[in-house]
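Trainee: According to Swiss-Prot, the feature active site maps to ASP7, GLU68, ASP141. Annotation source Swiss-Prot lists Mg(2+) 1 binding site at ASP7, ASP141. If you look up Swiss-Prot, you'll see GLU68 marked as Mg(2+) 2 binding site, on the strength of sequence analysis.
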Amino acid sequence: MRVMGIDCGSEYTGFGIVESDDRARLHCIVAGAVHLSARDPLENKLAKIFRELCSVIREHDPEVVAIEDVFYAVNAKSALKLGHVRGVAMLAVAECGLRVATYAPLAVKSAVVGYGKAEKCQVQAMVARLLNLPQVPEPADVADALAIAICHLHTSATLTRMHAKA
């Protein structure tokens with residue numbers, strides 16, 4: 001299964017595509033980030049995210065896309081901007097004819113590290129280890145996107161095993 005993870009951010013929107021082979025080994029197909037200039041108007045940032053995510057999806061052909069659930073932010077303005085980014089990311093996925101799976105941040109950390117309250121650096125280190133990468137992906141949004149994809153792969157594999165036993 002090939003899964004794309006997206007980590008929505010107002011400075012960088014990270015993406016990563018992870019594939020699980022028939023032995024349940026994970027492979028990073030591509031990872032990167034859409035860099036957003038602080039000087040650009042919001043509508044230009046959103047258009048750039050849309051174009052670049054559509055391009056990655058079309059080029060690498062994931063089966064499903066996973067995105068983190070909305071979390072509560074202290075600053076309402078920041079939360080609203082992230083909501084815009086998340087909406088555009090979901091629109092790009094829908095435009096490419098794929099479905100979106102969403103996961104709570106706690107679920108992503110649990111699936112990758114085994115502990116829902118893991119520190120960001122622990123998640124990043126485990127992503128590098130699980131994908132056999134020479135170093136932790138940068139910026140952090142890229143590692144987060146890969147973690148979201150890994151979460152979906154682990155979750156769907158568990159559900160498949162449960163249904164097979166039923």
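The backbone N, Cα and C atoms fix where each Cβ goes, and this holds for glycine too.
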Trainee: According to DSSP, which kind of secondary structure is ASP7 (active site) found in, if we only use helix, strand and coil?
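Mentor: Its secondary structure by DSSP: strand.
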Trainee: Report, in whole Å, the straight Cα-to-Cα distance of ASP7 (active site) from ASP141 (active site).
Mentor: 6
Trainee: For the active-site residues ASP7, GLU68, which Cβ has the most other Cβ atoms within 10 Å, all shown protein chains included?
Mentor: ASP7
Trainee: Roughly how many angstrom lie between the C-alpha atoms of ASP7 (active site) and GLU68 (active site)?
Mentor: 7
